[in-house]
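**Q** The following block contains the structure, expressed as structure tokens.
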Amino acid sequence: MQALINNVTHSFTSIFGYAPTHFIQAPGRVNLIGEHTDYNDGFVLPCAIDYQMVVAAAKRDDNLIRVIAVDYQNAQDQFSLEHPIEFLPNKMWANYIRGVIHFLQQAKYVFQGMDIAITGNVPQGAGLSSSAALEVAIGQTVKTLYQLPISQKEIALNGQKAENQFVGCNCGIMDQLISACGEESHALLIDCRSLATTAVKMPESAVVMIINSNKKRGLVDSEYNTRRQQCEEAAKILNVTALRDATLAQLQAKKALMNDKVYRRARHVITENERTLQAAEALKQGDLTKLSELMAQSHISMRDDFEITVNEVDTLVEIVKSVIGSQGGVRMTGGGFGGCVVALVTPDLVAKVTQAVEAQYKKQTGLKETIYVCSASQGAGYLEITNGIK
């Protein structure tokens, strides 16, 4: 974190010519269990991770917004709050910021201009929600600078709106909500229908490992939309608002009315919701054996019923599983078709898992993995800088 603060301060000071007054952070996230349940009004169990976006900021006394993207060679954007905020097709990173500010304005929050510089170490394209962290960081920055009466939940919803309607990417609410509302040493059980959140204490004996398969994610959008349609079709046949409301018994009773794919997609969602609720309970009890079982079932369900895993990801899961047995859990995390696996393991197994993956993964797939060892972290907020800038 200190390196990020130093970096962002250096860019801010050298380009704007004065020192920032505030620092804000917003974390990335990993979803421990509850995959493709969010748009079915179901449950998810993510935690915020100690990889984050950091913003250095200061108020202006006019209506100008000036932005520096430190990680894009200090690229800059500038726009006025007095004119309609436009989408920039040739500067994608800037649209996340423009979108957040546009919707804050639309919600009638009152604020003026600001100078901001942004940096981060949330890996991009790994499915760890760097875009949601950016949206939440900007919302949090405006809230902090201008003491806006906006809740963390509203910051999350505003970020989601920016991504869906301004940037033009479909996403559920989980990523923004965990970035805005995460708690240190806790996962967050989120009800994606009511947006109610319950903090679930992580066992001290559990370390979060994220292993990126580095398999480029192809077909994500088209396959995501197909899965979504299949889930909606199943809900219609079952005569429920969303698959969150269906039981396995209801699904079995209507099996003859749906094709096999639609049936299996629905079976994944219904069982995954149940697993997610059980996993929250197991986590609370510190029952890693039960968690191991639930995460294994989740992966099999994603592989066989939802069909969103790929060989490289399945290979990683098998390698990790062979090391940890029932002393932790492992499964694919994220939208699918590549991306990362998440493992919850005891501290003594981190080195063994790392060794096994480094020795076997490339040999079996031709790809080199990237490993992140994380801990469940605090959601977005103001950073008190007590030790000065180094």
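Even glycines carry a Cβ here, placed using N, Cα and C.
As listed in Swiss-Prot for this protein:
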- Asp175: active site, proton acceptor (ACT_SITE)
- Glu35, His36, Thr37, Asp38, Tyr224: substrate binding site (BINDING)
- Gly125, Ala126, Gly127, Leu128, Ser129, Ser130, Ser131: ATP binding site (BINDING)
- Ser131, Glu163: Mg(2+) binding site (BINDING)
- Arg29: site 'Transition state stabilizer' (SITE)
**Q** What are the other residues, in sequence order, whose C-beta lies within 8 angstroms of the center of the C-beta atoms of Gly125, Ala126, Gly127, Leu128, Ser129, Ser130, Ser131 at the ATP site?
**A** Gly28, Val122, Pro123, Gln124
**Q** Please list residues from the chain of Glu35 (substrate binding site) whose Cβ is under 8 angstroms from its Cβ, counting only those at least six apart in sequence.
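**A** Long-range Cβ contacts: Glu272, Ser298, Met302, Phe306, Ile308, Met332, Thr333, Gly334, Gly336.
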**Q** Based on Cα distances to Ser130 (ATP binding site), point out the closest of the recorded positions Arg29, His36, Asp38, Glu163.
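**A** Going through Arg29, His36, Asp38, Glu163 one by one, the closest to Ser130 (ATP binding site) is Arg29.
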**Q** List the other residues in this chain whose Cβ sits within 8 Å of the Cβ centroid of the substrate site residues Glu35, His36, Thr37, Asp38, Tyr224, in sequence order.
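**A** The surrounding set, listed in chain order, is Gly34, Tyr39, Asn40, Gly42, Val44, Gly172, Arg227, Val269, Gly335.
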**Q** Let me make sure I understand the span of the substrate site: among Glu35, His36, Thr37, Asp38, Tyr224, what is the greatest distance between any two Cα atoms, in Å?
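**A** Greatest Cα-Cα span of the listed binding residues: 12 Å.
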**Q** In whole Å, how far is Leu128 (ATP binding site) from Arg29 (site 'Transition state stabilizer') when you measure between their Cα atoms?
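**A** Roughly 5 Å, rounded to the nearest whole number.
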**Q** Among the recorded positions listed here (Leu128, Ser130, Asp175), identify the one with the smallest other-Cβ count within 10 Å.
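**A** So among Leu128, Ser130, Asp175, the recorded positions given, the one with the fewest Cβ atoms within 10 Å is Ser130.
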**Q** Excluding near sequence neighbours, so keeping only residues 6 or more apart in the same chain, what lies with its CB under 8 A of Thr37 (substrate binding site)?
**A** Phe43, Val44, Cys192, Arg244, Val269, Glu272, Asn273, Thr276
**Q** Which of the recorded positions His36, Asp38, Glu163, Asp175, Tyr224 has its Cα nearest to the Cα of Leu128 (ATP binding site)?
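**A** Minimum Cα distance from Leu128 (ATP binding site) across His36, Asp38, Glu163, Asp175, Tyr224 lands on Asp175.
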**Q** If you measure Ala126 (ATP binding site) to Tyr224 (substrate binding site) at Cα, how many Å is it?
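**A** Here the two Cα atoms lie 16 Å apart.
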**Q** So of Arg29, His36, which of the recorded positions has the fewest other Cβ atoms within 10 Å around its own Cβ?
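**A** If we count Cβ atoms within 10 Å for the recorded positions Arg29, His36, the smallest count is at His36.
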